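J.: Would you mind keeping the following structure in view while I ask a few things?
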Amino acid sequence: MGLQDNGEGDGLSNISLVDRNKYHRMDGKLIQNDGDRPSAHLRCARKTNTKRFVIMCAIFASLNTILVGYDIGVMSGAILFIQEDLQITEVQVEVLVGCLSIMSLFGSLGGGKASDAIGRKWTMGFAAVVFQTGACIMAVAPSFFVLMVGRILAGIGIGFGVMIAPVYIAEISPISARGSLTSYPEIFVNFGILLGYVSNYAFSGLPVHYSWRVMLAVGIFPSVFIGFALFIIPESPRWLVMQNRIEDARAVMIKTNESETEVEERLAEIQKAAVTANLEIEDKAVWREMLNPNPSLRRMLITGMGIQLFQQITGIDATVCYGPTIFREAGIKDKTSLLAATVAIGFSKTIFILIAIFLIDRVGRKPLMYISTIGMTTCLFGLVISLCFSGHGTFGISIAILLVCSNVGFFLVGIGPICWVLTSEIFPLKYRAQAAALGAVANRVSSGFISMSFLSVARAITVAGTFFIFSVISALSVAFVHICVPETKGKSLEQIEVMFQKGQDFHIRELELADTEHLVQKE
């Protein structure tokens with residue numbers, strides 16, 4: 001039986017946090033342990049309760065990204081019905097699909113400042129409200145103009161959501177599980193995409209005028225759970241330290257770390273980072289420093305911005321948003337069959353992101369990035385060959401579906417989730433929210449560029465030619481990972497900052513955790 005944090009009804013409410021660990025239950029009585037260390041029973045109970053609490057926080061913080069994924073996935077199929085119902089052109093299709101990413105950059109830019117002003121969790125709540133408003137407008141839109149208004153609002157909400165969830169989870173997670181927990185938003189994005197694909201298939205039989213509206217309306221329901229989550233999850237302890245609410249930060253960290261010794265060590269590191277960073281400096285000065293960075297910040301920005309760019313310009317959004325177009329090129333003609341084939345992409349994304357969560361804190365970030373980028377390069381090049389030479393028969397269609405799903409799988413094993421993990425890990429507390437926002441802007445702008453140009457480029461140089469360009473860019477991403485991406489597995493956020501300050505040659509020698517222990521002052 002574990003300790004209850006509020007101390008109600010457990011007989012421990014009048015015992016200090018430190019002294020509580022000297023006791024354990026036996027037949028309803030408090031028995032003092034021999035020595036000052038907590039019993040094995042209490043240590044095990046606390047570890048279990050801590051793990052459950054942190055996982056719950058990560059899940060609730062990631063709910064926003066279900067909405068993001070659902071909108072991306074459902075629009076890939078809904079656009080077929082929207083185009084028929086509202087009689088919009090191919091250029092309008094590109095604008096409608098791509099503007100979501102472009103508009104999200106405004107949300108991401110505003111999200112960094114908002115999260116520093118009102119806190120991480122309430123920024124997530126604001127993101128949900130804005131997104132849901134846009135989703136409601138889209139579901140009832142009578143014209144392309146009104147549909148665009150809803151799409152713009154949804155994009156702004158997405159911008160807030162995609163930058164704040166990984167930051168919050170990284171700041172609340174213990175070191176040993178930070179990588180896997182920070183990947184939770186990517187799990188929920190991909191689960192949302194799968195739900196969007198399934199919704200496309202499920203409602204494709206309705207009359208054209210109603211089918212796409214029902215598809216979009218279904219995505220409104222998760223907002224109920226998001227509202228509930230805001231009253232369950234705590235605020236980020238690092239944001240609380242920024243507000244000089246040290247005791248509140250300690251209370252949160254007691255719930256999210258397995259030992260009180262670790263709590264005090266981490267709290268001392270955070271306080272030191274907050275003082276060193278001079279957190280009371282004005283936001284405009286933070287941006288000024290980021291535009292004219294010192295060498296260590298420049299390395300961080302190159303890594304963070306670069307990995308966000310490569311995540312998108314390798315063409316993943318073209319695959320997700322225009323899956324039916326790709327499969328039509330491969331030889332599938334029936335609309336229902338196109339949507340059914342697209343569901344396979346959704347299942348691939350969901351399965352492989354779960355594999356990534358299992359491996360990211362065991363194998364490490366960089367090895368998975370190598371596997372991911374090399375595998376994507378191979379699949380993209382194979383897809384080019386398949387589209388050019390395999391014909392439109394059953395064999396060619398099967399190979400195309402296999403290669404598209406494999407490309408998605410390799411993306412989700414590495415660069416997909418790790419992109420967000422690294423961006424939330426590598427920046428100092430002073431810059432973290434604003435830099436994460438800048439990284440999200442880079443991600444969304446490049447995503448929007450790909451989404452808004454794919455059909456036009458494919459028409460000009462064929463779908464195969466477009467994916468050949470993606471394969472070349474993917475090959476370049478392998479070199480970028482080798483040169484610019486460090487291994488952050490097993491290091492605290494403060495130790496990662498020290499690693500960049502020392503300017504280690506990442507691709508020759510990775511800085512191990514033991515090497516940084518003496519660089520971080522313990523109090």
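Don't overthink the numbers, they just go from 1 along the chain as shown.
Just so it is clear, glycine is given a Cβ too, placed from its N, Cα and C backbone atoms.
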J.: If TrEMBL is the reference, give me the range from 95-112, 437-454 marked as transmembrane segment.
T.: 95-112
J.: Any contact between the transmembrane segment (338-360) and the transmembrane segment (95-112)? By contact I mean 3+ C-beta pairs closer than 8 Å, pairs at least 6 apart along the chain.
T.: no
J.: Run the contact check on the transmembrane segment (53-83) against the transmembrane segment (395-423): 3 or more C-beta pairs under 8 Å, excluding pairs closer than 6 in sequence.
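T.: Taking Cβ pairs at least 6 residues apart, the transmembrane segment (395-423) and the transmembrane segment (53-83) are not in contact, as fewer than 3 fall under 8 Å.
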J.: With contact taken as 3 or more Cβ pairs under 8 angstroms (pairs 6 or more apart in sequence), are the transmembrane segment (395-423) and the transmembrane segment (95-112) in contact?
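T.: With fewer than 3 qualifying Cβ pairs, these stretches do not touch.
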J.: Can you work out which residues elsewhere in the same chain, 6+ from the ends of the transmembrane segment (181-198), have a Cβ less than 8 Å from its Cβ atoms?
T.: 54-55, 58-59, 61-77, 162, 165-166, 169-170, 173, 215, 218-219, 320, 339, 342-343, 345-347, 349-350, 353-354, 356-357, 360, 412, 416-418, 420-421, 424-425
J.: Which residues of the same chain, at least 6 past either end of the transmembrane segment (95-112), have a Cβ under 8 Å from a Cβ in it?
T.: 71-72, 75, 79, 82, 88, 123, 127, 130, 144, 147-148, 151-152, 154-164, 317, 321-322, 433-438, 440-441, 444-445, 447-453
J.: Could you give the residue numbers and ranges of same-chain residues that sit at least 6 residues beyond the transmembrane segment (152-169) on either side and whose C-beta is under 8 angstroms from one of its C-beta atoms?
T.: 57-58, 61-62, 64-65, 67-68, 71, 99-112, 114-115, 120-121, 123-124, 126-135, 137-138, 178, 181-182, 184-185, 236, 420-421, 423-424, 432-433, 436-437, 439-441, 443-444
